[in-house]
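Some features that TrEMBL has for this protein:
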{"type": "DOMAIN", "residues": "14-75", "note": "domain 'ATPase F1/V1/A1 complex alpha/beta subunit N-terminal'"}
{"type": "DOMAIN", "residues": "117-199", "note": "domain 'ATPsynthase alpha/beta subunit barrel-sandwich'"}
{"type": "DOMAIN", "residues": "217-438", "note": "domain 'ATPase F1/V1/A1 complex alpha/beta subunit nucleotide-binding'"}
{"type": "BINDING", "residues": "Gly237, Pro238, Phe239, Gly240, Ser241, Gly242, Lys243, Thr244", "note": "ATP binding site"}
{"type": "DOMAIN", "residues": "446-548", "note": "domain 'ATP synthase A/B type C-terminal'"}
Amino acid sequence: MSATQETVREDGIIESVSGPVVTARDLDARMNDVVYVGDEGLMGEVIEIEGDITTIQVYEETSGVGPGEPVENTGEPLTVDLGPGLLDSIYDGVQRPLDVLESKMGSAFLDRGVDAPGIELEKEWDFSAEVVPGDTVEPGDVVGVVEETVTIDHKVLVPPTYEGGEVVTVEEGDLTVDETVVELDNGEEITMHQEWPVREARPSATKKTPRTPLVSGQRILDGLFPIAKGGTAAIPGPFGSGKTVTQHQLAKYADADIIVYVGCGERGNEMTEVIDDFPELEDPSTGNPLMARTSLIANTSNMPVAARESCVYTGITIAEYYRDMGYDVALMADSTSRWAEAMREISSRLEEMPGEEGYPAYLAARLSEFYERAGYFENINGTEGSVSAIGAVSPPGGDFSEPVTQNTLRIVKTFWALDADLAERRHFPAINWNESYSLYKDQLDPWFQDNVAADWPDERQWAVDVLDEEAELREIVQLVGKDALPEDQQLTLEVARYLREAYLQQNAFHPTDTFCPPEKTYLMLTAIHHFNDEAFEALEAGVPVDEIISIEVAPRLNRIGVQEDYEEYVAELKDDISEELRELY
Ligand code: ADP
């Protein structure tokens with residue numbers, strides 16, 4: 001990330017330094033200009049101008065910076081470098097590649113004033129043109145491709161800010177990102193390198209209703225609370241309830257073309273886990289390294305708070321860029337609460353009027369600006385692409401009534417509520433099925449019906465009904481005990497137990513169970529449903545509920561998740577369930 005041009009304007013002088021907030025006098029600046037602060041040239045952004053005092057939030061550690069030092073204005077907004085090389089990269093909050101920084105400075109993370117371009121400027125990419133002289137191109141059009149990674153072809157686009165025109169010259173072969181690949185008759189030169197101001201959404205033709213699921217391979221998500229490609233979701237949960245594991249599962253298994261993972265303000269060791277783990281992982285659908293479709297942005301809790309904001313915006317801008325190429329992108333942000341806390345800290349240093357619990361009044365607006373950049377789009381070049389945004393929320397003490405959770409809830413359409421009690425009972429993923437919801441369910445049903453099974457919605461509804469009934473029965477059981485229930489209700493509790501233990505639970509750390517394709521999710525449900533139907537028939541035929549419950553084969557339902565050959569296993573299991581139950585009458 002950098003300012004667009006190094007057109008340095010008049011210098012100012014630091015007046016005061018308060019953590020990440022610096023004021024400067026006599027700086028000729030506009031809102032959101034990028035400035036270089038102090039002798040070390042730390043990157044910051046103008047957030048307030050009052051008279052001749054300019055307030056700056058600084059994206060780097062400011063200790064040791066003091067009044068009297070210079071502030072240089074670049075006159076340009078915060079931008080992100082776009083081009084081949086974004087994938088398989090790990091950045092800090094201001095798009096400085098962590099591996100490059102590490103070799104430049106000897107250690108990652110904390111060094112200041114080091115600038116490095118977001119993409120490699122020297123590396124050559126083998127560019128193949130898709131236009132010839134004489135063709136006419138418009139903004140957003142694809143002029144050629146380079147193989148960015150084994151998985152992803154990077155489409156080189158006419159920047160949305162260009163006018164477009166007739167192609168005059170075309171260069172092919174090994175070229176660096178700043179070399180011109182296509183020149184137009186109006187003099188516009190297209191390179192593989194674009195810059196984009198992070199706070200501005202990249203333009204699109206239209207936003208459409210999303211109708212395809214972002215398949216996650218997590219049963220409770222795909223089966224009960226699906227998110228659409230282009231959808232928004234929040235995962236709120238107290239510490240230790242599984243936010244990070246869920247986000248990692250999505251980053252590994254979601255069927256998006258591109259993953260942008262924003263680690264925002266979480267503990268350093270969690271991000272280190274991602275940085276160490278991800279490069280080792282394989283994409284289950286292609287067998288290629290997972291990093292080949294992934295861009296990581298790491299702003300850990302020991303990094304400056306202001307950069308939490310820039311890392312979120314950097315992430316969503318990178319996501320939009322790949323969307324413009326026609327890809328389905330999934331962005332995970334862990335955790336949006338840390339970003340909100342950064343807003344609170346900056347706001348309080350600015351002595352702004354605090355809103356609820358000290359958060360600034362613009363918290364809701366910022367969150368919705370972020371999630372609004374997600375969606376299923378028709379791009380300006382006519383292709384379709386999507387950005388799905390999934391944000392973790394870490395409410396203090398797991399209290400969902402706090403402002404960040406509440407404001408997020410008003411915006412997102414999928415809510416996966418993590419639950420401390422479930423986590424404590426080691427029910428994972430600890431997603432509370434009574435509190436969670438997806439507003440995409442109905443619009444995604446046709447896809448599941450066409451691609452998995454015609455009765456997908458019916459099976460889901462059956463499961464939801466059983467789980468609802470269980471929730472009601474549990475209250476009674478707490479008062480009078482299970483044995484006081486009529487036999488049919490006792491049987492319902494048993495069926496619900498299989499739904500919870502076999503279907504809703506899924507072990508992220510088991511090599512097979514970790515990813516459950518929708519076909520398997522569906523078959524597992526039909527197996528439990530089959531048990532339900534056969535068991536109720538037996539009950540009607542007069543078999544005592546205790547005998548039904550204790551049939552030997554039923555616990556095999558709990559082992560479907562770990563089966564590779566699940567189709568065969570489920571078919572056999574269904575037969576065995578029928579056989580054993582029918583022997584009882
Ligand atoms: P959070 O990010 O909410 O603090 P984590 O995602 O780190 O919580 O999860 C805490 C622990 O819970 C994990 O270390 C793991 O042991 C367990 N866990 C969470 N989700 C799962 C899952 N799907 N399968 C197995 N274990 C899980």
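Positions of Cβ are set from backbone N, Cα and C atoms, glycine also.
Where TrEMBL records a feature, it is marked here on the structure.
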residue	record	Cβ neighbours (10 Å)
Gly237	ATP binding site	30
Pro238	ATP binding site	19
Phe239	ATP binding site	12
Gly240	ATP binding site	13
Ser241	ATP binding site	26
Gly242	ATP binding site	24
Lys243	ATP binding site	25
Thr244	ATP binding site	23
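When pLDDT values are averaged over the domain 'ATPsynthase alpha/beta subunit barrel-sandwich' (117-199), the model yields 95.
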